[in-house]
């Protein structure tokens, strides 16, 4: 037997071993298990390499350090809120917030997401307005600027923002940037050179430790947060790049949703940034000092919780929040996501709502961002139509918003898509909102988007070609690992 034959046998044995690990040792969703078995079975030579890069679960090693949070009373505040809500003694700001006590309690217990009720919130659905506001706030910063973005491109918008950050760092402000190593893979390190020379600090999240191979490639930090002086925070779907200003020929106008927050909810955003920074950086760790958590004298009336989720937890906090919202629906469910690949639990919740007479409307893009993901999205949308849910195809560019609005009373806005990746593989962050005026603005934006969309009817869906149907079937089969 030649050397090549020996190598082939070794590879096949490794393939069987990884298949066994997938089935018997790693705790994962059944659908994902079967999807990986298909890959390992039908790609026997390279299947285990693909699995090593994309399939392995994160180790049990602690990724985020909660040490030091007692200095600002986070655990104490969380425990107090849990107990007061359990004892029905919590001073809710208005009846609508109190009405959704069960959802608030779930997110408190599941994620430690403290409810804050004094927030002033501004809604952005256009990238130009969002980045103009963000840069204006950065220009006014006096102490620190903390940014975390999945994508930070070195294009016109990226350079415009970077020049401001370089100047603020040179002024002596504490300026820190986290970018995702995969999402920002085309951005060269030299882009940050002047920023670092001026005193700014930048860290990639989960960079490759080996040339060409990153064994944590599948686990990405998809969060988008900006915190200025601990006083103002931004959360939502916009990354940093020209395409988010509608400058891409492929996508055209970019429709997204982002929030500017002034109030105690910024504390939660700050805490999230500190934990992510201390995970990404081996030096210049951030301590929980008072400078990062200034005293607020809130004038706002928006109640909200900032909820994080990621592969470091088995609880899928944001998805559980979505399901709780959907199960509570009595009249309407309006949902926007560029990728609609729900797992069985979320899909069943939406189906039950539609079959119960709730007006369910789901909005998806009219063009693919990722080909396989898009075909899986249209397949799930087609299945949902069978329950009476209405599917709308956004036809005015590209819809990237991740928004869920229920009964005009509660809403969620953030970075988490309605897909397996956001629920199980990505590090995400969402705002759950309970104030009717803010929720109404989100509902109005959705209804305005419907005027720029067309409805996908069963008749139109049935006209798909045999090739499209085949691509949908394959994409859905692989959807748990896309």
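Cβ coordinates come from backbone N, Cα and C, glycine included.
What Swiss-Prot says about this protein:
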- 4-24: transmembrane segment (TRANSMEM)
- 34-54: transmembrane segment (TRANSMEM)
- 217-244: domain 'PLD phosphodiesterase 1' (DOMAIN)
- 222: active site (ACT_SITE)
- 224: active site (ACT_SITE)
- 229: active site (ACT_SITE)
- 395-422: domain 'PLD phosphodiesterase 2' (DOMAIN)
- 400: active site (ACT_SITE)
- 402: active site (ACT_SITE)
- 407: active site (ACT_SITE)
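What Swiss-Prot annotates, mapped onto the structure for a quick look.
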{"residue": "222", "record": "active site", "DSSP (3 states)": "coil"}
{"residue": "229", "record": "active site", "DSSP (3 states)": "coil"}
{"residue": "400", "record": "active site", "DSSP (3 states)": "coil"}
{"residue": "407", "record": "active site", "DSSP (3 states)": "coil"}
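Long-range neighbours of the domain 'PLD phosphodiesterase 2' (395-422) within the same chain, counting only residues 6 or more positions beyond its ends whose Cβ lies under 8 Å from a Cβ of the stretch, are 29, 32, 96, 99-100, 103, 125, 150, 222-224, 235-238, 246, 251-259, 307, 309, 318-319, 321-322, 325-326, 328-343, 346, 363-367, 369, 373, 428-434, 436, 438-440, 442-443, 445-446, 449, 452-454, 479-482. Geometry remark: residue 400 (active site) versus residue 229 (active site), CA distance 28 Å. Listed in sequence order, 141, 142, 143, 144, 145, 294 are the same-chain residues six or more apart from residue 229 (active site) with CB atoms under 8 A from its CB. Take the CB of residue 222 (active site) and look out to 10 A: across all protein chains shown you find 28 other CB atoms. When the Cα atoms are compared, residue 222 (active site) and residue 402 (active site) turn out to be 12 Å apart. Cα of residue 402 (active site) to Cα of residue 224 (active site): a distance of 12 Å.
Using a 10 Å Cβ-Cβ cutoff, residue 400 (active site) registers 25 neighbours.
Among the active-site residues 224, 402, the residue whose Cβ has the fewest other Cβ atoms within 10 Å is 224.
With a 10 A radius on its CB, residue 407 (active site) counts 22 other CB atoms from all the protein chains.
For the pair residue 407 (active site) and residue 224 (active site), the C-alpha distance works out to 27 angstrom.
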